[in-house]
Amino acid sequence: MAAEIQPQPQARKPCLLSKIDAFQEVVSTAVIIPKEDGVISVSEDRTIRVWLKRDSGQYWPSIYHTMPSSSSCMSFNPETRRLSVGMDTGSICEFVLSEDYNKMTPARTYQAHQGRVTVVLFVLEMEWLLSTGQDKNFTWHCSESGQQLGTYRTSAWVSGLQFDVETRHAFVGDQSGQVTILKLEQDSCSLVTTFKGHTGNVTALCWDPVTRVLFSGSSDHSIIMWDIGGRKGTAIELQGHNDKVQGLCYASHTRQLISCSSDGSIVIWNMDVTRQETPEWLDSDSCQKCEQPFFWNFKQMWDSKKIGLRQHHCRKCGQAVCGKCSSKRSTIPLMGFEFEVRVCDSCHESISDEDRAPTATFHDSKHSIVYMHYEPTTGNLLTSGTDKVIKLWDMTPVVS
């Protein structure tokens, strides 16, 4: 059911430890159990399974529980061993796991949403259960009484949720690409602000309470780092994936960001460098280098008797330029561009070899990732793929 991989010593690469591949459908969510050689998985095949590593080195299910409908998401709290599972039906089923992880006892069911639950998050410090659904509602319940404390209607259904205990701020990312910050009280909430930087829907959120930075990943393949605590409105863009970003985790002790994507890549970003914001793209009716008119500038085309050109933008300075004046390509890692992008000729000359030094490392997981979970206490990473396989990785060679 699960095979142990004998790791080969390789420098600076994630090391594949194990595979778990006994699923009939894709595993929508899975977590590593801290202080245990174990994994909890929730799958589209309606099963909840707890996998424990045996003396043979293989993972075998100690719990195999079938739900009445497909499970879409979950939240696990190791301190209380409380497992909250979001369902396709809109309900959230809560279980308590035994100390030896061999038994799962039903505790409570919340009728939280009218549609599929998209994210569920248990906050022990507040005894709150936060959840979002395809009914476009963000709700929070008291986990002690089971009562709904409040709800907030979002403009689109939510696909990312994080919570800051100190300030009681909820960060909500939705399908329109917008991130909303809400201030939660015991029975009410207030809108703090909204911001939008993605052209696609938000697919992942990661909040670091130490640096007070929020990371958002999107179907537009990009990641944005929002400096919430600095109050300067800084937004740093990171471009290193070829498909939608499926998971984010920040290792604050090493100042590294881990991101995973449908393209199968695991990317480790060095955030302990001074990064620069990408410039706003400037508007112009003609090339800001050679002054040739763009194709919609009929007056200048007529006056100069010249054919209009297509408009492009330099990713470094943001100027509107023609193809001839932006024929060069370059990486600009400190601006988040780990792949080569269009730059104008003058900017290309100003970029040194030192400026092109990568600030991220790229690793192939060899499966299209749908979910990831990083456990900082062990340095292990879990990835779940469209191939219905869970892979466990030792990340200490690259996150240290």
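The backbone N, Cα and C atoms fix where each Cβ goes, and this holds for glycine too.
The following features are taken from TrEMBL:
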- 195-228: repeat 'WD' (REPEAT)
- 238-272: repeat 'WD' (REPEAT)
- 281-352: domain 'FYVE-type' (DOMAIN)
- 362-395: repeat 'WD' (REPEAT)
Checking distant contacts: for the repeat 'WD' (238-272), what same-chain residues at least six beyond its ends satisfy Cβ-Cβ under 8 A? 14, 200, 203-206, 208, 210-211, 213, 215-225, 336-339, 341, 359-374, 376, 381, 383, 385-386, 393, 395, 398-400
When DSSP states are grouped into helix, strand and coil, how many residues of the repeat 'WD' (195-228) land in each? 0 helix, 21 strand, 13 coil
Number of helical, extended and coil residues in the repeat 'WD' (362-395), per DSSP: 0 helix, 21 strand, 13 coil
